[in-house]
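These come from Swiss-Prot:
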- 144-217: coiled coil (COILED)
- 245-423: coiled coil (COILED)
- 461-798: coiled coil (COILED)
- Lys138: SUMO2 cross-link (CROSSLNK)
- Ser73: phosphoserine (MOD_RES)
- Ser74: phosphoserine (MOD_RES)
- Thr92: phosphothreonine (MOD_RES)
- Ser95: phosphoserine (MOD_RES)
- Ser106: phosphoserine (MOD_RES)
- Ser109: phosphoserine (MOD_RES)
- Thr110: phosphothreonine (MOD_RES)
- Ser115: phosphoserine (MOD_RES)
- Ser129: phosphoserine (MOD_RES)
- Ser139: phosphoserine (MOD_RES)
- Thr231: phosphothreonine (MOD_RES)
- Ser261: phosphoserine (MOD_RES)
- Ser632: phosphoserine (MOD_RES)
- 392-413: region 'Disordered' (REGION)
- 537-701: region 'Interaction with BBOF1' (REGION)
Amino acid sequence: MSASSSGGSPRFPSCGKNGVTSLTQKKVLRAPCGAPSVTVTKSHKRGMKGDTVNVRRSVRVKTKVPWMPPGKSSARPVGCKWENPPHCLEITPPSSEKLVSVMRLSDLSTEDDDSGHCKMNRYDKKIDSLMNAVGCLKSEVKMQKGERQMAKRFLEERKEELEEVAHELAETEHENTVLRHNIERMKEEKDFTILQKKHLQQEKECLMSKLVEAEMDGAAAAKQVMALKDTIGKLKTEKQMTCTDINTLTRQKELLLQKLSTFEETNRTLRDLLREQHCKEDSERLMEQQGALLKRLAEADSEKARLLLLLQDKDKEVEELLQEIQCEKAQAKTASELSKSMESMRGHLQAQLRSKEAENSRLCMQIKNLERSGNQHKAEVEAIMEQLKELKQKGDRDKESLKKAIRAQKERAEKSEEYAEQLHVQLADKDLYVAEALSTLESWRSRYNQVVKEKGDLELEIIVLNDRVTDLVNQQQTLEEKMREDRDSLVERLHRQTAEYSAFKLENERLKASFAPMEDKLNQAHLEVQQLKASVKNYEGMIDNYKSQVMKTRLEADEVAAQLERCDKENKILKDEMNKEIEAARRQFQSQLADLQQLPDILKITEAKLAECQDQLQGYERKNIDLTAIISDLRSRIEHQGDKLEMAREKHQASQKENKQLSLKVDELERKLEATSAQNIEFLQVIAKREEAIHQSQLRLEEKTRECGTLARQLESAIEDARRQVEQTKEHALSKERAAQNKILDLETQLSRTKTELSQLRRSRDDADRRYQSRLQDLKDRLEQSESTNRSMQNYVQFLKSSYANVFGDGPYSTFLTSSPIRSRSPPA
């Protein structure tokens, strides 16, 4: 009865102070009926990133017996018989082969560990693939950074080229403006020269008309002189002056005087015209100088304003280029920050994924351990139930044997009945313990279900996070593709602009090449104009000479007129004298008709006087001939000047034609300049469109950065939620583990109480059953055998401890093994 009762009370060793256990492996040693059963459970967990090792070991021994070294048996005989006629109680100890055969190395199989290792290998492969993907992404990011740097360098080179192009365009615009001003000056000078030529032509026509009038007057005076000459010649031939001759002389004299007066008037008008011409020329020169100075001042002001505008435009362009460079730098910084944040987010997410996978693996291992512990609890409950059944059967047998053997000892029977009642109470306690174990099993099942649910939630969160990561990666790829497209479009635009700039360069070179002969022609035209001006000046000098000659001729004509007046006066005097002489001669002829001898003297005197008059007439004729020669020289000179004027007109017409050709070329150049200005406007429009596209791309980048920021915030919030959930699950698991530890402690207290009760029962049994020492000796032998098995198990456990200590090293597991209650147990004295 005592053996059965001692076999029916299993022992639960107290756990260590660290208390957190996880069951992974199980070893149950069963003996036949009456043999002690030892259940050894042990676990280990291979954690990731500093996870602790949790081990629970429980050795259940029925009774406490003296220590016996392993491999030795008791000194007493194997079989002990207690004979009492007419009954015989035979006790056979269990064979060591059965005990040893129960414990096998196959029970220490690591199939679950292999499956866990497979999962861990899979996770490692996944992590390696993720790390490879991260490495690829990093390399891509580096390549993108290199491409961005190359693009930046290319853009800077293109900017420098654009600045050079802008500088050259400014130079070409300046040259074009200078050409325009020169062409305008040429046009103005041309118009001014045309007006001058028209005015000179009008003045020339006026002078020519006045000269023609003067020539006509001179010719009329010459005719009158010739008429006087003829009349004087007639008078010579006739030698007698009639009234008609006198009248003709007087008439010719009057006509000559009229012609001379008209000649004087024409000379005066010519002098007035020449004076007016000189005054006009002086005033025109002054006006031209004043207009040229005003034009120069206006041109200087316009050049100053244009240069100021160009400086302002260049400053604006420089500011715009600086703003573009700053925007591109900000974009590069934002892109680098985005790439860095994406890399950090990737690393953070990968670390979180690894931690989640490690936690999932740990939770799976914990779930498996819980399942194993549940199965162990079930097996333990079944073993306890079987032991209870065996104990009941054994108790019934013992009762029957004791009733048959000890009928006389009623007191012992009553005591045994009381003991049986106590055993029934213990059985009830065991039933309660089984119920509690079942409740704990149900709680573990609920916990397992909750853990499975949490695992599913975590997997869903991981899937969502992976989707977000893929979305972010896709968004980054789309952004990079857009940036590449924008960069390609900018490069294409730059190529187009360079091609257009080269075309502009060629056109400018062609225009310059065409401008050189135009400049030569313009210089030739200027030289011709200067030659014309010099010829005009020469003509003016000639006109001055002619004026001086005309003045001389006027003076000579005045002298001739004075001489003619003198001659007229002398003629009048002579006529009067002749009349007087004729009258005197008549009177003398009448008075001295008789004096015929005096007539030849008078004739000689008259002949001498006539000879003198003829000499005077010849002198006058000579003077008239000289005057006619002078007039013919003047006519020849005027004709020569007319030829020169015609040559000048022809040259002027040729210069006008050349000026027309030059104006046509200038118009073509102006058209080309207008085309270039239109192309410049188109370039400005293209640049404005490019700036608008850049601004739109900047806005898109800002939107994408905002979206990335919102996504990063969402990721951070999701990660924080996952962390909170994981912490909550950890806290929940810790609380459950603490509750389990508390329950284990309660069970240990109950076991200690049962142990104390058993010790009291043993004392009472020893005090009451001293007579049954033989049976007690048998029981002691059996207990020694069980103790030997326990010691062998302890040695095996010690071997396992040393092996696990060698495997796991120093740590909480070794401290737990050293603090195990099995080692501290000492054999009874």
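Cβ coordinates come from backbone N, Cα and C, glycine included.
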In whole Å, note down how far the CA of Ser632 (phosphoserine) lies from the CA of Ser261 (phosphoserine).
21
By Cα-Cα distance, the member of recorded positions Ser129, Lys138, Ser139, Ser632 nearest Thr231 (phosphothreonine):
Ser632
Including all protein chains displayed, how many Cβ atoms other than that of Ser139 (phosphoserine) lie within 10 Å of its Cβ?
10
In angstrom units, rounded to an integer, how far apart are the Cα atoms of Lys138 (SUMO2 cross-link) and Ser129 (phosphoserine)?
14
How many Å separate the Cα atoms of Ser139 (phosphoserine) and Ser129 (phosphoserine)?
15
Rounded to a whole angstrom, what is the C-alpha distance between Ser129 (phosphoserine) and Ser632 (phosphoserine)?
122
Modified residues compared (Ser129, Thr231, Ser261, Ser632) - highest count of Cβ atoms within 10 Å:
Thr231
